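Undergrad: So Swiss-Prot has the following annotated:
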BINDING   Gly8, Arg11, Arg91, Arg137, Arg140  CTP binding site
BINDING   Gly8, Arg11, Arg91, Arg137, Arg140  ATP binding site
BINDING   Asp21, Asp23  Mg(2+) binding site
DOMAIN    228-329  domain 'HD'
Amino acid sequence: MKIYLVGGAVRDQLLNIPIKDRDYMVVGATVQEMLDKGYRQVGKDFPVFLHPKTQQEYALARTERKTGVGYGGFSVYAAPDVTLEEDLLRRDLTINAIAQDETGRVFDPYGGQADIEQRLLRHVSDAFVEDPLRVLRVARFAARFQPLGFKVAPETMALMQRIAASGELEALTPERVFQELDKALSTEAPQVFFEVLREAGGLAILFPEIEALFGIPQPEQWHPEIDTGIHTLMVLEQAARLSQDKQVRFAALVHDLGKALSPKEHLPKHHGHGQKGLPLIRALCERFRVPNDYRDLALLVSDQHQNIHNAFELRAETMVKLFDKADLWRKPERLPQLLLACEADCKGRTGLKERPYPQGAYVQHCFELARNVAIKPIIEAGFKGAEIKAQLHKQRVEVIDQYKRKTAVNAKP
């Protein structure tokens, strides 16, 4: 019985980046031997055990054979005669198919170290095409390791395109697709996930609402990049620069879906695109069972980003109605998220990524002024029932209106 550290831990160690999880592979052992040593079995589909003291995962060496459609269509063989090389052969990328024994000796039968040096994401074997989930995984690794200079090997991209053309991506469950999307959103360069998916032919299959944005023109005066799809990924890139919040990044990704619905005769203008995008966002979120907090922020950003961009021109009445509609009195934490997504939208344009976004601080200040209007004096003044709400609204509008007049005077030369 031999134990090896495998996968991401060995890869990250060779890349000199922090190791998140340590996974171990056991060669030459049976299930009973593992149980006798105090390991606790947790794997349903194949033998995976938790170490009795560290609770780290130990999996018996195994091989997999394609028996059906999708990422779950495999039969697993785990037995003491499965070798280290056979187990590593089933893995997706060479950089993930490196092992290290307990003495620190590295085993690299498929050239993973050379690919780390060349910054290449390359498949281990042609069995790569048997698992459609790997298209998403490679796109995610491309996003994660883009800051280190990694690229997808051309021959691996060809296999990803083959998987997309085969129709197997449709066999992926919504939960697994969102799981990969969510992990991609947490990387430093989430836009790369979608760029790689698009090159592989998977974007049109899994995220047709985003694919539809490519080729849709915008006014060059406001959007030097012109193409809405390019703008969308630039906005996502800026959202990642501005915030670690995955909800903000998701909202940035889908904020302009409505532009794909603009009538051709109106292009490159997109009147009401924020509202047109709302049903598309709802459908996408329902399809992938996106968490409600992601969905709600995305809907808010799509609906209100034009108003936030035009904040200095908004009437105080409109501003308070925006706060009402966004339910910010009960959920004030939503406002910074909304403003960050809008700032990313402003900066996600060619040549404008360093442009200031004073609308953010302005709207936040207006909200704080309105939120500080006290309800107690209104009640003490004798207002009752619906009158209280009306008076509260009136005073909120007045306090913002005073601030608007004051800032307008101060802004004059």
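Cβ coordinates come from backbone N, Cα and C, glycine included.
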Undergrad: 10 Å Cβ neighbour count around Arg91 (CTP binding site)?
TA: 21
Undergrad: Do me a favour and check the Cα-Cα span between Asp23 (Mg(2+) binding site) and Arg140 (CTP binding site); whole Å is fine.
TA: 20
Undergrad: Around the CTP site formed by Gly8, Arg11, Arg91, Arg137, Arg140, which additional residues qualify by having Cβ within 8 Å of the site's Cβ center?
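TA: My list of surrounding residues reads Gly7, Asp92, Leu93, Ile95, Asn96, Phe141.
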Undergrad: Just going by other Cβ atoms within 10 Å, which of the binding-site residues Asp21, Asp23 has the emptiest spot?
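TA: Each of the binding-site residues Asp21, Asp23 was scored by Cβ atoms within 10 Å; lowest is Asp21.
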Undergrad: In whole Å, could you give the widest CA to CA gap in the CTP site formed by Gly8, Arg11, Arg91, Arg137, Arg140?
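TA: 16 Å is the greatest Cα spacing among the residues binding CTP.
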Undergrad: Sort Gly8 (CTP binding site) into helix, strand or coil using the DSSP assignment.
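TA: Once the DSSP labels are grouped into three classes, Gly8 (CTP binding site) ends up as helix.
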Undergrad: Work out how many Å separate Arg91 (CTP binding site) and Asp21 (Mg(2+) binding site) at their Cα atoms, rounded off.
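TA: Arg91 (CTP binding site) and Asp21 (Mg(2+) binding site) have their Cα atoms 17 Å apart.
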Undergrad: Can you tell which of the binding-site residues (Arg11, Arg137, Arg140) has the fewest other C-beta atoms within 10 angstroms of its C-beta?
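TA: Selected from the binding-site residues Arg11, Arg137, Arg140 on minimum Cβ neighbours within 10 Å: Arg137.
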